[in-house]
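To start, the structure itself, in structure tokens.
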Amino acid sequence: MPPPRRAALGLLPLLLLLLLPPAPEAANKPTPCQRCRGLVDKFNQGMVDTAKKNFGGGNTAWEEKTLSKYEFSEIRLLEILEGLCESSDFECNQMLEAQEEHLEAWWLQLKNEYPDLFEWFCVKTLKVCCLPGTYGPDCLECQGGSQRPCSGNGHCNGDGSRQGDGSCRCHAGYQGPLCAECMDGYFSSLRNETHSFCTACDESCKTCSGPTNRDCSECEVGWVLEEDACVDVDECAAETPPCSAAQFCKNVNGSYTCEECDSSCVGCTGEGPGNCKECIPGYSRELGQCADVDECSLAEKACVRKNENCYNTPGSYVCVCPDGFEEAEDACVPPAEAEVTEEESPTQPPAHEDL
């Protein structure tokens, strides 16, 4: 008998949770190797901070004898350990508590034999890290060897950790399993048995054998081969303009841009009111550029109603009655006249009506 449908649906939220990406906090959580390295770095800094303690000058012979005792003492070790973790750093304190005996053993017995605390503690004892140039659970050599992983031109996946697969992530300009080959747009400027250097081609080249536009094997898009060199194509000089009528074309290396004409223009050949083909209504050409026409200063009045004020605006004008005046059909009426007009009877015949 099949299980109830409700029970099957109950598994859906769990499956969705499993498919969700890890929370940012989990993704950014330090790896065991990073925590171990951080602890070692703080321990080494503690050694630096306590190196000259109890040595203040004066009786040199006595202080050197005292300092030599302090240098390898448990007192100094305790001072270093006390400064390793902030009280609020739970993971650091937890790791220190679990590994304190190892650190004490190294300090008191093994420091001379294993002077590199990181290698002894993180790589050989806890086995959470690898030496640089090695990766994975068994600390295998990265591609290209541990001395120059990825030919020195990339990053080994998992380098220095117990993780990763040792593959190379190449730096810009490099490709291939060992990052020893040049990508398109780069050429090999130096190559021998141990080193490979790639240098960027000229911007006009898609592929090249040298640094100039005459060394191109193939031109980049927007460039064309002329007289054994890749030169820029001026798209703006094309028979059919690439930009709209309200724009002008601006050539750039390998391409072009379309820029908006000035607001006073009807079509243009360049930036600003001085490059208009024609001027929009309300503007006229003055001193070689489109300028606003001041309709309010023309001989023929723009505002024809009595008492009306004219105000010029870009490309036009507005007609406005003065403050306190009321608008009528053919005039701006002063306040006193407006009151008289309102008191007149609407049925009163006109004063000059012909009988």
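Cβ atoms here come from the backbone N, Cα and C positions, even for glycine.
Remember, TrEMBL labels are computer predictions, not curated facts.
Under the heading disulfide bond, TrEMBL lists CYS170-CYS179. The number of other CB atoms found within 10 A of the CB of CYS170 (disulfide bond), across every protein chain shown, is 20.
Summarising the annotation, TrEMBL assigns domain 'EGF-like' to 138-180 (among others). Distant neighbours of the domain 'EGF-like' (138-180): 31-33, 123, 127-132, 186, 191, 194-196, 198-200; these residues of the same chain sit at least 6 beyond its ends, with a Cβ under 8 Å from one of its Cβ atoms.
Panel annotation: around the domain 'EGF-like' (292-333), residues 264, 280-284, 341 of the same chain, lying at least six beyond its termini, place a Cβ under 8 Å from a Cβ of the stretch. Here TrEMBL flags 292-333 (among others) as domain 'EGF-like'.
Annotated region 'Disordered' per TrEMBL: 332-355, in sequence order.
The signal peptide annotation in TrEMBL covers 1-26.
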Counted with DSSP (H/G/I as helix, E/B as strand, rest coil), the domain 'EGF-like' (138-180) has 4 helix, 11 strand, 28 coil
What does the DSSP secondary structure composition of the domain 'EGF-like' (292-333) look like, as residue counts for helix, strand and coil? 3 helix, 17 strand, 22 coil
Can you give me the average pLDDT across the domain 'EGF-like' (292-333), rounded to a whole number? 92
